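Asker: Relevant sequence annotations retrieved from TrEMBL are reproduced here:
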{"type": "ACT_SITE", "residues": "S207", "note": "active site, charge relay system"}
{"type": "ACT_SITE", "residues": "D345", "note": "active site, charge relay system"}
{"type": "ACT_SITE", "residues": "H376", "note": "active site, charge relay system"}
{"type": "DOMAIN", "residues": "127-382", "note": "domain 'AB hydrolase-1'"}
Amino acid sequence: MSAMLETPELPAVFDGVKLAAVAAVLYVIVRCLNLKSPTAPPELIYQDSALARFLLKSCPLLTKEYIPPLIWGKSGHIQTALYGKMGRVRSPHPYGLRKYLTMPDGATATFDLFEPQSEHCIGEDVTMVICPGIANHSEKQYIRTFVDYAQKNGYRCAVLNHLGALPNIELTSPRMFTYGCTWEFGAMVSYIKKTYPQTQLVVVGFSLGGNIVCKYLGESQANQERVLCCVSVCQGYSALRAQETFMQWDQCRRFYNFLMADNMKKIILSHRQALFGDNMKKPQSLSDADLSKLYTATSLMQIDDNVMRKFHGYGSLKEYYEEESCLHYLHRIYVPLLLVNAADDPLVHESLLSIPRALSEKRENVMHVLPLHGGHLGFFEGSVLFPEPLTWMDKLVVQYANAICQWEKTKSHCSDTEQAVSGQE
């Protein structure tokens, strides 16, 4: 009799279990997608100056909310994964000419040159010299999207193809691109300056490319001649500080490390004959034992230690990371410098963001922009689910470059006026 009375209660128990399961799933989804995170304008760190006030007035994106796609856009992991797998949606195919430059060590540097599709906003000749992320090149979708947008805004674009990154270009010396080698980028910039003597430059670097362009500018004051400004997006500033964070499972960085290492292994092995073959010019410190270690490497640090540092004769991984990072060169950059990171970038640990923050608090020419969302080179925009072809990052870089061009033209006009008045007196 007692059992018969308890039976009707069982469906209610099962319904409660189902409801709890649904609630648990929803909770995980909300947490994973970070749906409770607010949208807000990016955090800006800068010194109050005439330049900063002009930029805040001329660049609405600096003070406007960045609104990512509602469903998934607040997850730095999804933004990063979409950038990694898709690059961009409905990416255009800008037409460019490939240029080949022979380096002193016999390496063949390549870059693609894209002419502007409209007149620039200040009516001047301005060229963007662009350095892509790790193992990237001009054919990557995020680069194509950015170049197309820059062309339509009146910029000529020169995009470096990292040495060894293009699958159809063979290495002509036993050397690949490294974390901070500026040789190929410098050769491209020199070509542009010589070929277009009237052009002014906007320097742009994405991720690893951000490290290279900042290091290049800081290496010599002469490298900053005819440079209007520099923009670095999603770089980590110090490989030495970053190496420990890349071995941590926090924010799945160890997993990302493994994926990037696997991609680097494939690229290096595709040039195995040039790098490890019977070549009299190959680095003496590079041996068959290093090739064996490469096969078993599961992190970028192992690859850097066994292969990459030896291209330039560094005695240790610590020396390689110290010398190749832009950290010690940032304070030598005197042109306007925009450093962009995302607070939810799973590749760049928050501790590394103290570097651009401290710099922008001391230097009037530096501004650090830190939106809450965007992941690593994602920065997708959209209403609910589907992203727009053009990203917040693309728009910001061009908007900032336009503002700097206008700032320089205004300064030049004021200077000319002062000279004219002085001459009349």
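Heads up, the Cβ atoms here are built off N, Cα and C, so glycines get one too.
I would like each feature placed in context: is it buried or exposed, what are its neighbours, and how far apart are things?
Answerer: Every protein chain shown contributes to the tally, and the Cβ of S207 (active site, charge relay system) ends up with 23 other Cβ atoms within 10 Å.
Sequence-distant contacts of D345 (active site, charge relay system), defined as residues of its own chain at least six apart whose C-beta falls under 8 angstroms from its C-beta, comprise G76, T80, C234, G374, G375, H376.
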Asker: Would you mind checking how many other C-beta atoms are within 10 angstroms of the C-beta on H376 (active site, charge relay system)?
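Answerer: I count 26 other Cβ atoms within 10 Å of it.
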